[in-house]
Number of protein chains: 2
Amino acid sequence: MKLYSYFRSSASYRVRIALNLKNLPYDYAPIHMLRDGGEQLKPEYRKLNPDGVVPTLVDGDNVLQQSLAIIEYLEETHPEPPLLPKAPADRAYVRSVALQIACEIHPLDNLRVLKYLKHTVGTDDETKDAWYRHWVEAGFTTLEQHLAGDSRTGKLCFGDTPTLADACLVPQVFNAQRFKIDVTRFPTIQRIHDHASQLDAFARAAPGVQPDAE
Amino acid sequence: MKLYSYFRSSASYRVRIALNLKNLPYDYAPIHMLRDGGEQLKPEYRKLNPDGVVPTLVDGDNVLQQSLAIIEYLEETHPEPPLLPKAPADRAYVRSVALQIACEIHPLDNLRVLKYLKHTVGTDDETKDAWYRHWVEAGFTTLEQHLAGDSRTGKLCFGDTPTLADACLVPQVFNAQRFKIDVTRFPTIQRIHDHASQLDAFARAAPGVQPDAE
């Protein structure tokens, strides 16, 4: 398998975690999102990924987009170890945590959104940074309530075994920390992040140790 | 089952389509997103849905959030008729179309985002409307390329049988039309929308025929 990835992209980071958790080796194809106007927007790459976003996973003849769809594919094609629990209601719960991050937080703080705010809406850097912090903090506030209040929460989002939810949470915390958000205000999120980050599959997926890290 | 829904919410609309496609009857609990500061933000509702968003599906003891997680749950608990194809790569493709809408388009045009733009960033209505159109048009441009270029596209997103992808596409087109976006510029999207909208399950899920429609 070949993963088109940018070290700092949190959607790429999710898929790297999932590949590592499933012990699947892969080739790393770096796509530099800032260099030269963004390599993800070049026609060559857009043949693989018309949206011009990372990651893309190529598995034989299959070209796969969207990090959560890629992780569900890995779950179906390489079921062990599972990244989703067995019972449908628990699977829905884990997916809802992942989607809360992937749909309610991350899309608002994407590079292209921040660019549009700055260059088209014309906001200053202070307003742009406040925007970033607002959506992370709003999302983390409700995510913290979810996780702190649910009996299924353990050392990780669902018990003590890594799931799709942890694969989304850790990259989002990485992003928040980059933007100097005080994650200790969200103690359950912080605790899960700290535990997960020490696991080998997460540590090997971290942005700082990727081939294209700067 | 009981669905907490707002007639115009496109995430609610997705779940209504899925319930109808699976011939599952449900009670409709209206949550008015504009009345009284937003009923979705009231403490009573937040006990069910800490994020303060619709929809929430209650199935016996299970309280389920996030439209795509709810639809995957329905798929697992009521497999017939399926809303995902059989082969993992095809399932990933259908999910990626759904996620492109749910992660790349819809979150940017949410009510709470438009409110933040207007009241906190302080944009005028023209800039806010341009923002809305920009993300729909950018998303539809790449979605159109996807759908027009993939041999799996039929009368609907994946062949001629309704899937999760159609359950996301139709509500997004409804939103676009409300904001006077010319969807005919995206002929494959328009064609799929028009075909799907005539199917009974989609027609019965339409905002205009819900109990809380205005």
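Cβ coordinates come from backbone N, Cα and C, glycine included.
A TrEMBL annotation is a machine prediction, not a hand-curated record.
Going by TrEMBL, these are the annotated features:
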DOMAIN    A:1-82  domain 'GST N-terminal'
DOMAIN    A:87-214  domain 'GST C-terminal'
- Averaging pLDDT over all residues of the domain 'GST N-terminal' (A:1-82) gives 94
- Of the residues in the domain 'GST C-terminal' (A:87-214), how many are helix, strand and coil by DSSP? 96 helix, 2 strand, 30 coil
- Task: Using DSSP, tally how many residues of the domain 'GST N-terminal' (A:1-82) sit in helix, strand and coil.
- Result: 35 helix, 16 strand, 31 coil
